[in-house]
Amino acid sequence: MARAGSSSSGRSADMPTQVENVFEQLISKIEAADFDPRPLLKQCNALGRYEPIKRNVYRIKRRTEDYGIFCSCKPSSGSSVACGKDCHCGMLFSCCSSSCECDNTCANKPFQHRPLKNTKLITTEKCGFGLVAEDEIKKGEFVVEYVGEVIDDRTCEKRLWQMKRLSDTNFYLCEVSSNMVIDATDKGNMSRFINHSCEPNTEMQKWTVDGETRVGIFALRDIKKGEELTYDYKFVQFGADQDCHCGSLNCRKMLGTTKSLNSLLLRNGYSVSSRNQYVKKKKRKTRCENCIQQFLRLWHPRQQMYVGCWIIDFDQETKIHTLQFTDLHVEKFNLKEEEWHFLLVDSSDEE
């Protein structure tokens, strides 16, 4: 027994040295393989704290409004689809309600009742995670809803400061309206992984769904199977400028305009974009006599997304238009300085 005891004592004395030798060997192998685990750990952390959800989670009081928008479409015996491009609700960026008479043939159903496009999560070379289409997507089709935690401006600013202290550069914040922000950092769906491109194939649109303001992502053009989904973040950056890695022919390269942290952000991953649009849209003359009561699709500079509105007045001296939005509030804009275009306008009226 004494012999066995002494043998055991000898092994215990040698154990720390053996462990050190093992770690030294592992470290030397890692160094030899030129392996840096930090990027992998960063990606694992990004996925690890992300909780998949299907609908927005409200951290503020849910806002619902009745704007008096109703569907006047009627089901047709000769067609399997109703509520198409001529649907009054769709033209006003509003989904049909349960009162729609078209039932299952309605093509303008609330986001949660629309079929989602099949997508696949990938790891890109320079932009972290990305999302690719697993089916062909036609121009104008609904792709996915942008969902997350709905918070107010105060909570948003608090979270931004916390991210700054942690040196976290992945932001998933989208300003929807005054004092309403969707934060997909901790809770969201696959839309949070869509990367930026200076020549995007999708865009964000603000819609009214059952009286609630929500954000949908729609195809700007036909998208092929296997193609990565992108949209233009139109981002105002907090901090130093960053390189864009979208690789498009019209890439803006260095992106971001330095602003205070009070500016609400919209970013996903490593590449960001500025306010400028990669295409200058053709605009009609903005004379008072040819634009009153016209319906526009306007890129709202504060809300950072497309919204629908009517022109209700035009000041000849200041050249300022008064616009009424679908929630009936009124704002004034100089349309020569904004990105917009008329909806449902005959091509012969254009310049």
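Every residue, even glycine, has its Cβ placed from backbone N, Cα and C.
Positions annotated as domain 'AWS' by TrEMBL: 66-115.
Under the heading domain 'SET', TrEMBL lists 117-234. The average pLDDT for the domain 'SET' (117-234) in the predicted structure is 90.
What TrEMBL records for 240-256 is domain 'Post-SET'.
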Helix, strand and coil counts within the domain 'AWS' (66-115) (DSSP): 10 helix, 3 strand, 37 coil
Secondary structure content of the domain 'SET' (117-234), with strand meaning DSSP E or B: 17 helix, 52 strand, 49 coil
